[in-house]
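Reviewing the structure listed below.
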Amino acid sequence: MSRQLLPKAVLSAKDQHFREFALHGNMWKVVLYVGTPLALYQSLNQLFKIFDSMMAAHISAGSVSAVAYLSQISLMLSALGGGLAIGSSLKISEAYGAGDFDLVKKRVSTLFAMCAVLGAVILALLVPFTPWFLRLARTPDAFISEGTLYFRLELFGMVISFFNNIYIAIERARGNSGRILRLNMAVIAIKMSSTALFVYGFQCGISMISTATILSQLFLLAAAVRNMNQKDNAFGFSMKAVSLKPAVTFPMIGLSIPVIAEKMAFSFGKVIINSMSTIYSALTVGALGISNNIGGITTMPQNGFQEGGSAIISQSVGAGKPRRALKAFGCVLAVNLLIGIVLMSCSLYFLDALSRLFAGNDPSFQKMIISIYRFEALGAIPLGVTASVMALLYGFGKTKLTLAINFCRVFVFRVPVLWFLQSFTSMGSLSVGVVMAVSNIATGVFALIIGVYEIVRICRRYEIPLSAPFPFSGFQKAWGKS
(Lines of atoms letter the chains of each structure in order from A and count residues from 1; the text may use other names and numbers.)
(Lines give C-alpha, C1' and ligand atoms only; values in the text may rest on other atoms or scores of the structure.)
Protein backbone atom coordinates (compact mmCIF):
# COMPACT_ATOMS: atom_id res chain seq x y z
CA MET A 1 0.00 0.00 0.00
CA SER A 2 1.43 3.37 -0.93
CA ARG A 3 2.38 5.84 1.73
CA GLN A 4 -0.20 8.36 0.44
CA LEU A 5 -3.05 5.99 1.26
CA LEU A 6 -1.97 5.49 4.86
CA PRO A 7 -3.85 7.43 7.56
CA LYS A 8 -2.09 10.34 9.18
CA ALA A 9 -0.15 9.67 12.36
CA VAL A 10 0.18 12.69 14.62
CA LEU A 11 0.38 13.19 18.37
CA SER A 12 -2.24 14.95 20.42
CA ALA A 13 -1.06 17.90 22.49
CA LYS A 14 -1.31 15.72 25.61
CA ASP A 15 0.79 12.92 24.07
CA GLN A 16 3.39 15.43 22.89
CA HIS A 17 3.57 16.98 26.36
CA PHE A 18 4.07 13.59 28.03
CA ARG A 19 6.80 12.63 25.56
CA GLU A 20 8.73 15.79 26.42
CA PHE A 21 8.19 15.18 30.14
CA ALA A 22 9.29 11.52 29.94
CA LEU A 23 12.44 12.36 27.99
CA HIS A 24 13.50 15.56 29.76
CA GLY A 25 11.70 15.89 33.12
CA ASN A 26 13.03 14.98 36.57
CA MET A 27 13.24 11.20 36.66
CA TRP A 28 11.79 10.80 40.16
CA LYS A 29 8.73 12.76 39.04
CA VAL A 30 8.43 10.73 35.83
CA VAL A 31 8.67 7.37 37.61
CA LEU A 32 6.19 8.33 40.32
CA TYR A 33 3.81 9.96 37.82
CA VAL A 34 3.72 6.87 35.60
CA GLY A 35 4.26 4.17 38.21
CA THR A 36 1.99 5.20 41.09
CA PRO A 37 -1.33 4.83 39.22
CA LEU A 38 -0.09 1.55 37.75
CA ALA A 39 0.86 0.31 41.22
CA LEU A 40 -2.62 1.22 42.44
CA TYR A 41 -4.05 -0.47 39.34
CA GLN A 42 -2.17 -3.67 40.11
CA SER A 43 -3.12 -3.45 43.79
CA LEU A 44 -6.79 -3.11 42.92
CA ASN A 45 -6.48 -6.10 40.62
CA GLN A 46 -5.03 -8.04 43.52
CA LEU A 47 -7.86 -6.97 45.81
CA PHE A 48 -10.29 -8.13 43.15
CA LYS A 49 -8.61 -11.57 43.18
CA ILE A 50 -8.76 -11.66 46.98
CA PHE A 51 -12.47 -10.79 47.04
CA ASP A 52 -13.07 -13.37 44.31
CA SER A 53 -11.47 -16.01 46.52
CA MET A 54 -13.50 -14.87 49.52
CA MET A 55 -16.75 -15.15 47.57
CA ALA A 56 -15.74 -18.53 46.17
CA ALA A 57 -15.04 -19.61 49.75
CA HIS A 58 -18.62 -18.61 50.61
CA ILE A 59 -19.78 -21.28 48.14
CA SER A 60 -17.49 -23.96 49.64
CA ALA A 61 -13.85 -24.67 50.51
CA GLY A 62 -13.73 -26.96 47.47
CA SER A 63 -14.88 -24.09 45.25
CA VAL A 64 -12.08 -21.77 46.35
CA SER A 65 -9.56 -24.54 45.68
CA ALA A 66 -11.09 -25.20 42.24
CA VAL A 67 -10.92 -21.50 41.37
CA ALA A 68 -7.30 -21.30 42.59
CA TYR A 69 -6.28 -24.33 40.53
CA LEU A 70 -8.13 -23.44 37.32
CA SER A 71 -7.00 -19.82 37.53
CA GLN A 72 -3.39 -20.91 37.17
CA ILE A 73 -4.22 -22.83 33.98
CA SER A 74 -6.08 -19.78 32.67
CA LEU A 75 -3.09 -17.58 33.50
CA MET A 76 -0.83 -19.93 31.55
CA LEU A 77 -2.98 -19.43 28.44
CA SER A 78 -3.43 -15.70 28.98
CA ALA A 79 0.36 -15.42 28.80
CA LEU A 80 -0.05 -15.63 25.01
CA GLY A 81 -1.95 -12.36 24.81
CA GLY A 82 -0.19 -10.78 27.77
CA GLY A 83 3.26 -11.55 26.39
CA LEU A 84 2.30 -10.22 22.97
CA ALA A 85 1.01 -7.01 24.56
CA ILE A 86 4.13 -6.48 26.69
CA GLY A 87 6.70 -7.24 24.00
CA SER A 88 4.93 -5.29 21.26
CA SER A 89 4.15 -2.29 23.47
CA LEU A 90 7.86 -1.94 24.23
CA LYS A 91 8.56 -1.56 20.51
CA ILE A 92 5.68 0.93 20.30
CA SER A 93 7.24 2.90 23.19
CA GLU A 94 10.60 2.77 21.46
CA ALA A 95 9.15 4.18 18.22
CA TYR A 96 7.30 6.80 20.29
CA GLY A 97 10.55 7.87 21.96
CA ALA A 98 12.33 7.96 18.59
CA GLY A 99 9.61 10.22 17.15
CA ASP A 100 8.54 7.80 14.37
CA PHE A 101 4.79 8.27 14.72
CA ASP A 102 3.89 6.54 11.44
CA LEU A 103 5.56 3.40 12.77
CA VAL A 104 3.70 3.82 16.07
CA LYS A 105 0.34 3.76 14.27
CA LYS A 106 1.29 0.76 12.13
CA ARG A 107 2.42 -1.23 15.15
CA VAL A 108 -0.64 -0.32 17.22
CA SER A 109 -3.05 -1.34 14.45
CA THR A 110 -1.15 -4.51 13.52
CA LEU A 111 -0.95 -5.58 17.15
CA PHE A 112 -4.75 -5.50 17.51
CA ALA A 113 -5.12 -7.53 14.30
CA MET A 114 -2.69 -10.19 15.55
CA CYS A 115 -4.58 -10.35 18.83
CA ALA A 116 -7.87 -11.03 17.01
CA VAL A 117 -6.35 -13.97 15.14
CA LEU A 118 -4.79 -15.38 18.31
CA GLY A 119 -8.06 -15.18 20.25
CA ALA A 120 -10.05 -16.90 17.50
CA VAL A 121 -7.57 -19.78 17.34
CA ILE A 122 -7.63 -20.33 21.13
CA LEU A 123 -11.43 -20.42 21.30
CA ALA A 124 -11.70 -22.78 18.32
CA LEU A 125 -9.18 -25.23 19.78
CA LEU A 126 -10.03 -25.25 23.49
CA VAL A 127 -13.73 -24.55 24.03
CA PRO A 128 -14.92 -27.84 22.44
CA PHE A 129 -12.25 -29.88 24.24
CA THR A 130 -12.16 -28.30 27.70
CA PRO A 131 -12.50 -31.52 29.81
CA TRP A 132 -9.75 -33.23 27.80
CA PHE A 133 -7.48 -30.20 28.14
CA LEU A 134 -8.03 -30.02 31.91
CA ARG A 135 -7.16 -33.71 32.27
CA LEU A 136 -4.01 -33.08 30.24
CA ALA A 137 -3.12 -30.41 32.81
CA ARG A 138 -3.54 -33.08 35.54
CA THR A 139 -6.54 -31.33 37.04
CA PRO A 140 -8.19 -33.37 39.84
CA ASP A 141 -11.46 -34.97 38.74
CA ALA A 142 -13.40 -33.08 41.41
CA PHE A 143 -12.23 -29.78 39.93
CA ILE A 144 -13.06 -30.88 36.37
CA SER A 145 -16.65 -31.78 37.22
CA GLU A 146 -17.17 -28.52 39.10
CA GLY A 147 -15.11 -26.25 36.89
CA THR A 148 -15.59 -27.20 33.21
CA LEU A 149 -18.21 -24.53 32.51
CA TYR A 150 -16.26 -22.07 34.67
CA PHE A 151 -13.13 -22.66 32.59
CA ARG A 152 -14.97 -22.31 29.27
CA LEU A 153 -16.32 -18.96 30.39
CA GLU A 154 -12.82 -18.02 31.55
CA LEU A 155 -11.58 -18.65 28.00
CA PHE A 156 -14.03 -16.12 26.58
CA GLY A 157 -13.11 -13.62 29.28
CA MET A 158 -9.44 -14.25 28.58
CA VAL A 159 -9.78 -13.47 24.86
CA ILE A 160 -11.56 -10.21 25.68
CA SER A 161 -8.73 -9.43 28.10
CA PHE A 162 -6.21 -9.93 25.26
CA PHE A 163 -7.58 -6.80 23.60
CA ASN A 164 -7.82 -5.00 26.93
CA ASN A 165 -4.21 -5.85 27.83
CA ILE A 166 -3.05 -4.34 24.55
CA TYR A 167 -5.15 -1.24 25.14
CA ILE A 168 -3.77 -0.87 28.68
CA ALA A 169 -0.20 -1.35 27.38
CA ILE A 170 -0.74 1.40 24.79
CA GLU A 171 -2.19 3.78 27.37
CA ARG A 172 0.81 2.99 29.57
CA ALA A 173 3.17 3.92 26.73
CA ARG A 174 1.28 7.22 26.35
CA GLY A 175 1.66 7.96 30.07
CA ASN A 176 -2.10 7.76 30.67
CA SER A 177 -1.69 5.92 33.97
CA GLY A 178 -4.49 7.93 35.57
CA ARG A 179 -6.93 6.80 32.88
CA ILE A 180 -5.85 3.20 33.44
CA LEU A 181 -6.53 3.56 37.16
CA ARG A 182 -9.97 5.14 36.68
CA LEU A 183 -11.06 2.52 34.16
CA ASN A 184 -9.84 -0.29 36.37
CA MET A 185 -11.74 1.06 39.36
CA ALA A 186 -14.91 0.98 37.25
CA VAL A 187 -14.09 -2.57 36.10
CA ILE A 188 -13.63 -3.74 39.68
CA ALA A 189 -16.87 -2.05 40.78
CA ILE A 190 -18.77 -3.91 38.04
CA LYS A 191 -16.96 -7.17 38.76
CA MET A 192 -17.43 -7.12 42.51
CA SER A 193 -21.07 -6.00 42.46
CA SER A 194 -21.94 -8.62 39.84
CA THR A 195 -20.12 -11.39 41.71
CA ALA A 196 -21.74 -10.43 45.01
CA LEU A 197 -25.17 -10.44 43.35
CA PHE A 198 -24.61 -13.86 41.78
CA VAL A 199 -23.02 -15.52 44.84
CA TYR A 200 -24.82 -13.92 47.79
CA GLY A 201 -28.05 -12.85 46.12
CA PHE A 202 -28.80 -15.67 43.68
CA GLN A 203 -26.68 -18.36 45.45
CA CYS A 204 -24.99 -19.30 42.15
CA GLY A 205 -21.92 -21.50 41.68
CA ILE A 206 -18.42 -20.60 40.51
CA SER A 207 -19.44 -20.33 36.84
CA MET A 208 -21.21 -17.06 37.55
CA ILE A 209 -17.98 -15.68 39.05
CA SER A 210 -16.50 -16.03 35.58
CA THR A 211 -19.61 -14.46 34.04
CA ALA A 212 -19.08 -11.41 36.24
CA THR A 213 -15.52 -11.21 34.94
CA ILE A 214 -16.77 -11.21 31.35
CA LEU A 215 -19.22 -8.39 32.08
CA SER A 216 -16.50 -6.24 33.61
CA GLN A 217 -14.05 -6.95 30.77
CA LEU A 218 -16.69 -6.00 28.20
CA PHE A 219 -16.96 -2.59 29.86
CA LEU A 220 -13.21 -2.08 29.51
CA LEU A 221 -13.34 -3.28 25.89
CA ALA A 222 -16.05 -0.70 25.14
CA ALA A 223 -13.84 2.01 26.63
CA ALA A 224 -10.92 0.77 24.52
CA VAL A 225 -12.98 0.92 21.31
CA ARG A 226 -14.08 4.46 22.14
CA ASN A 227 -10.62 5.76 23.06
CA MET A 228 -8.75 4.01 20.25
CA ASN A 229 -11.13 5.27 17.56
CA GLN A 230 -9.28 8.56 17.13
CA LYS A 231 -8.85 9.65 13.54
CA ASP A 232 -5.28 10.62 12.56
CA ASN A 233 -3.94 9.98 16.09
CA ALA A 234 -0.73 7.95 16.15
CA PHE A 235 -2.19 5.71 18.87
CA GLY A 236 -5.55 5.18 17.16
CA PHE A 237 -6.52 1.94 15.39
CA SER A 238 -6.93 1.92 11.61
CA MET A 239 -7.43 -1.07 9.30
CA LYS A 240 -5.47 0.80 6.63
CA ALA A 241 -2.48 0.95 8.95
CA VAL A 242 -2.39 -2.83 9.55
CA SER A 243 0.84 -4.06 7.98
CA LEU A 244 2.43 -7.49 7.70
CA LYS A 245 5.74 -6.05 6.51
CA PRO A 246 8.73 -7.50 8.40
CA ALA A 247 9.88 -4.03 9.47
CA VAL A 248 6.61 -3.64 11.38
CA THR A 249 5.86 -7.14 12.68
CA PHE A 250 9.22 -8.87 13.17
CA PRO A 251 10.55 -6.58 15.93
CA MET A 252 7.27 -6.93 17.86
CA ILE A 253 7.06 -10.70 17.44
CA GLY A 254 10.77 -11.19 18.10
CA LEU A 255 10.56 -9.30 21.39
CA SER A 256 7.24 -10.92 22.36
CA ILE A 257 8.14 -14.60 21.85
CA PRO A 258 10.53 -14.78 24.85
CA VAL A 259 7.99 -12.87 26.98
CA ILE A 260 5.22 -15.30 25.98
CA ALA A 261 7.48 -18.27 26.70
CA GLU A 262 8.54 -16.71 30.01
CA LYS A 263 4.99 -16.12 31.21
CA MET A 264 3.69 -19.49 29.99
CA ALA A 265 6.60 -21.32 31.61
CA PHE A 266 6.05 -19.45 34.88
CA SER A 267 2.31 -20.18 34.93
CA PHE A 268 2.86 -23.79 33.84
CA GLY A 269 5.33 -24.18 36.67
CA LYS A 270 2.69 -22.94 39.12
CA VAL A 271 0.27 -25.50 37.66
CA ILE A 272 2.91 -28.18 38.33
CA ILE A 273 3.35 -26.91 41.90
CA ASN A 274 -0.42 -27.03 42.44
CA SER A 275 -0.54 -30.55 41.04
CA MET A 276 2.35 -31.66 43.29
CA SER A 277 0.62 -30.04 46.28
CA THR A 278 -2.48 -32.20 45.87
CA ILE A 279 -0.60 -35.13 47.46
CA TYR A 280 -1.30 -33.42 50.79
CA SER A 281 -4.92 -32.38 50.17
CA ALA A 282 -7.02 -30.33 47.78
CA LEU A 283 -7.20 -27.67 50.50
CA THR A 284 -3.42 -27.28 50.37
CA VAL A 285 -3.83 -25.98 46.81
CA GLY A 286 -6.40 -23.50 48.06
CA ALA A 287 -4.17 -22.40 50.96
CA LEU A 288 -1.24 -21.90 48.58
CA GLY A 289 -3.42 -19.87 46.21
CA ILE A 290 -4.64 -17.70 49.08
CA SER A 291 -1.06 -17.25 50.31
CA ASN A 292 -0.13 -16.11 46.79
CA ASN A 293 -3.01 -13.64 46.87
CA ILE A 294 -1.88 -12.20 50.20
CA GLY A 295 1.67 -12.01 48.87
CA GLY A 296 0.32 -10.07 45.92
CA ILE A 297 -0.46 -7.20 48.29
CA THR A 298 3.29 -6.55 48.18
CA THR A 299 4.35 -7.83 44.77
CA MET A 300 1.58 -6.34 42.62
CA PRO A 301 2.47 -2.69 43.37
CA GLN A 302 6.08 -3.63 42.58
CA ASN A 303 4.88 -5.03 39.27
CA GLY A 304 3.08 -1.75 38.60
CA PHE A 305 6.36 0.15 38.89
CA GLN A 306 8.01 -2.55 36.77
CA GLU A 307 5.51 -1.94 33.96
CA GLY A 308 5.77 1.82 34.19
CA GLY A 309 9.55 1.66 34.45
CA SER A 310 9.93 -0.55 31.39
CA ALA A 311 7.87 1.91 29.30
CA ILE A 312 9.98 4.86 30.50
CA ILE A 313 13.22 2.98 29.86
CA SER A 314 12.22 1.85 26.36
CA GLN A 315 11.23 5.42 25.42
CA SER A 316 14.60 6.69 26.65
CA VAL A 317 16.40 3.98 24.68
CA GLY A 318 14.41 4.85 21.54
CA ALA A 319 15.35 8.51 21.98
CA GLY A 320 19.05 7.62 22.29
CA LYS A 321 19.27 8.37 26.03
CA PRO A 322 20.73 5.20 27.65
CA ARG A 323 22.05 7.11 30.68
CA ARG A 324 18.55 8.40 31.40
CA ALA A 325 17.23 4.85 31.00
CA LEU A 326 19.64 3.64 33.70
CA LYS A 327 18.57 6.47 36.00
CA ALA A 328 14.95 5.32 35.57
CA PHE A 329 15.99 1.84 36.67
CA GLY A 330 17.62 3.23 39.81
CA CYS A 331 14.45 5.11 40.76
CA VAL A 332 12.27 2.04 40.16
CA LEU A 333 14.60 -0.11 42.29
CA ALA A 334 14.50 2.34 45.22
CA VAL A 335 10.70 2.55 45.12
CA ASN A 336 10.25 -1.23 44.88
CA LEU A 337 12.57 -1.91 47.82
CA LEU A 338 10.60 0.56 49.95
CA ILE A 339 7.30 -1.06 48.89
CA GLY A 340 8.66 -4.51 49.77
CA ILE A 341 9.73 -3.49 53.26
CA VAL A 342 6.57 -1.56 54.18
CA LEU A 343 3.91 -3.85 52.72
CA MET A 344 5.60 -7.07 53.84
CA SER A 345 5.59 -5.75 57.41
CA CYS A 346 1.93 -4.74 57.15
CA SER A 347 0.82 -8.07 55.67
CA LEU A 348 2.55 -10.02 58.44
CA TYR A 349 1.10 -7.75 61.13
CA PHE A 350 -2.46 -8.26 59.84
CA LEU A 351 -1.96 -11.88 58.75
CA ASP A 352 -4.29 -13.36 61.35
CA ALA A 353 -7.18 -11.15 60.27
CA LEU A 354 -6.48 -11.63 56.56
CA SER A 355 -6.31 -15.41 56.81
CA ARG A 356 -9.54 -15.51 58.82
CA LEU A 357 -11.36 -13.76 55.97
CA PHE A 358 -10.48 -16.63 53.63
CA ALA A 359 -10.75 -19.55 56.01
CA GLY A 360 -14.22 -18.71 57.27
CA ASN A 361 -15.04 -21.06 60.15
CA ASP A 362 -12.29 -23.57 59.34
CA PRO A 363 -9.43 -23.03 61.86
CA SER A 364 -7.26 -25.79 60.37
CA PHE A 365 -7.50 -24.14 56.92
CA GLN A 366 -6.57 -20.79 58.48
CA LYS A 367 -3.57 -22.33 60.22
CA MET A 368 -2.41 -23.81 56.91
CA ILE A 369 -2.68 -20.41 55.18
CA ILE A 370 -0.69 -18.69 57.94
CA SER A 371 2.07 -21.32 57.99
CA ILE A 372 2.55 -21.09 54.21
CA TYR A 373 2.48 -17.29 53.98
CA ARG A 374 5.00 -16.71 56.79
CA PHE A 375 7.59 -18.29 54.50
CA GLU A 376 6.30 -16.71 51.28
CA ALA A 377 6.51 -13.22 52.82
CA LEU A 378 10.31 -13.54 53.04
CA GLY A 379 10.49 -13.09 49.27
CA ALA A 380 8.89 -9.61 49.21
CA ILE A 381 12.15 -7.66 49.14
CA PRO A 382 14.03 -9.99 46.72
CA LEU A 383 11.03 -9.88 44.38
CA GLY A 384 11.24 -6.08 44.44
CA VAL A 385 14.78 -6.44 43.10
CA THR A 386 13.54 -8.93 40.50
CA ALA A 387 10.74 -6.62 39.31
CA SER A 388 13.18 -3.72 38.94
CA VAL A 389 15.71 -5.76 36.98
CA MET A 390 12.90 -7.05 34.76
CA ALA A 391 11.93 -3.42 33.99
CA LEU A 392 15.54 -2.73 32.98
CA LEU A 393 15.75 -5.82 30.77
CA TYR A 394 12.34 -5.24 29.14
CA GLY A 395 13.22 -1.62 28.45
CA PHE A 396 16.48 -2.54 26.72
CA GLY A 397 14.79 -5.36 24.79
CA LYS A 398 16.58 -8.16 26.67
CA THR A 399 13.55 -10.44 26.82
CA LYS A 400 15.65 -13.59 26.48
CA LEU A 401 17.20 -12.76 29.84
CA THR A 402 13.77 -12.19 31.42
CA LEU A 403 12.84 -15.63 30.09
CA ALA A 404 15.94 -17.11 31.76
CA ILE A 405 15.09 -15.47 35.09
CA ASN A 406 11.49 -16.67 35.26
CA PHE A 407 12.35 -20.11 33.86
CA CYS A 408 14.93 -20.60 36.61
CA ARG A 409 12.51 -19.22 39.19
CA VAL A 410 10.14 -22.12 38.56
CA PHE A 411 12.10 -24.98 37.03
CA VAL A 412 15.37 -24.58 38.95
CA PHE A 413 14.50 -22.87 42.24
CA ARG A 414 10.93 -24.15 42.78
CA VAL A 415 9.85 -27.49 41.25
CA PRO A 416 13.09 -29.41 42.06
CA VAL A 417 13.14 -27.97 45.59
CA LEU A 418 9.54 -29.06 46.24
CA TRP A 419 10.32 -32.51 44.85
CA PHE A 420 13.31 -32.75 47.23
CA LEU A 421 11.25 -31.65 50.25
CA GLN A 422 8.48 -34.11 49.41
CA SER A 423 10.89 -36.97 48.82
CA PHE A 424 13.38 -36.53 51.64
CA THR A 425 11.62 -34.63 54.43
CA SER A 426 8.46 -34.99 56.49
CA MET A 427 7.49 -31.31 56.42
CA GLY A 428 4.08 -32.01 54.89
CA SER A 429 2.06 -29.08 53.54
CA LEU A 430 4.55 -26.64 55.12
CA SER A 431 6.96 -27.56 52.32
CA VAL A 432 4.97 -25.50 49.79
CA GLY A 433 5.63 -22.40 51.90
CA VAL A 434 9.33 -23.20 52.24
CA VAL A 435 9.69 -23.67 48.50
CA MET A 436 8.08 -20.27 47.84
CA ALA A 437 10.63 -18.59 50.13
CA VAL A 438 13.57 -20.45 48.58
CA SER A 439 12.54 -19.75 44.98
CA ASN A 440 11.71 -16.08 45.51
CA ILE A 441 14.93 -15.31 47.38
CA ALA A 442 17.08 -17.27 44.92
CA THR A 443 15.38 -15.53 42.00
CA GLY A 444 16.10 -12.13 43.53
CA VAL A 445 19.79 -12.98 43.87
CA PHE A 446 19.92 -14.38 40.31
CA ALA A 447 18.18 -11.29 38.90
CA LEU A 448 20.56 -9.01 40.81
CA ILE A 449 23.58 -10.77 39.29
CA ILE A 450 22.15 -10.45 35.77
CA GLY A 451 21.18 -6.82 36.42
CA VAL A 452 24.68 -5.85 37.58
CA TYR A 453 26.23 -7.59 34.58
CA GLU A 454 23.91 -5.82 32.13
CA ILE A 455 24.42 -2.41 33.75
CA VAL A 456 28.20 -2.78 33.50
CA ARG A 457 27.88 -3.88 29.87
CA ILE A 458 25.58 -0.95 29.00
CA CYS A 459 27.87 1.55 30.75
CA ARG A 460 30.90 0.28 28.86
CA ARG A 461 29.08 0.26 25.52
CA TYR A 462 27.84 3.85 25.82
CA GLU A 463 30.77 5.15 27.92
CA ILE A 464 28.50 5.98 30.84
CA PRO A 465 29.76 6.24 34.47
CA LEU A 466 28.77 3.27 36.63
CA SER A 467 27.09 5.74 38.99
CA ALA A 468 24.39 6.46 36.35
CA PRO A 469 21.73 4.11 37.81
CA PHE A 470 21.96 5.77 41.24
CA PRO A 471 19.57 8.75 41.22
CA PHE A 472 19.84 9.86 44.83
CA SER A 473 21.99 12.89 44.09
CA GLY A 474 19.25 14.10 41.76
CA PHE A 475 16.67 13.45 44.46
CA GLN A 476 18.54 15.76 46.81
CA LYS A 477 18.19 18.68 44.37
CA ALA A 478 14.63 19.33 45.51
CA TRP A 479 13.08 17.71 42.46
CA GLY A 480 14.94 19.93 40.06
CA LYS A 481 15.44 19.11 36.41
CA SER A 482 17.46 15.93 35.92
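Even glycines carry a Cβ here, placed using N, Cα and C.
So that you can see what the record holds, here are the features copied from TrEMBL:
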{"type": "TRANSMEM", "residues": "21-44", "note": "transmembrane segment"}
{"type": "TRANSMEM", "residues": "64-87", "note": "transmembrane segment"}
{"type": "TRANSMEM", "residues": "108-129", "note": "transmembrane segment"}
{"type": "TRANSMEM", "residues": "149-168", "note": "transmembrane segment"}
{"type": "TRANSMEM", "residues": "180-200", "note": "transmembrane segment"}
{"type": "TRANSMEM", "residues": "206-225", "note": "transmembrane segment"}
{"type": "TRANSMEM", "residues": "328-351", "note": "transmembrane segment"}
{"type": "TRANSMEM", "residues": "371-394", "note": "transmembrane segment"}
{"type": "TRANSMEM", "residues": "401-421", "note": "transmembrane segment"}
{"type": "TRANSMEM", "residues": "433-456", "note": "transmembrane segment"}
When you check the transmembrane segment (64-87) against the transmembrane segment (108-129), do you get at least 3 Cβ pairs under 8 Å, counting only pairs 6 or more apart in sequence?
yes
Any residues 6+ beyond the ends of the transmembrane segment (180-200) with a Cβ under 8 Å from its own?
37-38, 40-41, 44-45, 47-48, 51-52, 55-56, 58-59, 168, 171-172, 208-209, 211-213, 215-217, 219-220, 223
Is it the case that the transmembrane segment (21-44) and the transmembrane segment (433-456) have 3 or more CB pairs under 8 Å, with pairs at least 6 apart in sequence?
no
Selected stretch (most C-beta pairs under 8 A with the transmembrane segment (371-394)) from 149-168, 206-225, 401-421, 433-456:
433-456
Can you tell me which of 108-129, 206-225, 328-351, 401-421 gets the most C-beta pairs within less than 8 Å of the transmembrane segment (149-168)?
206-225
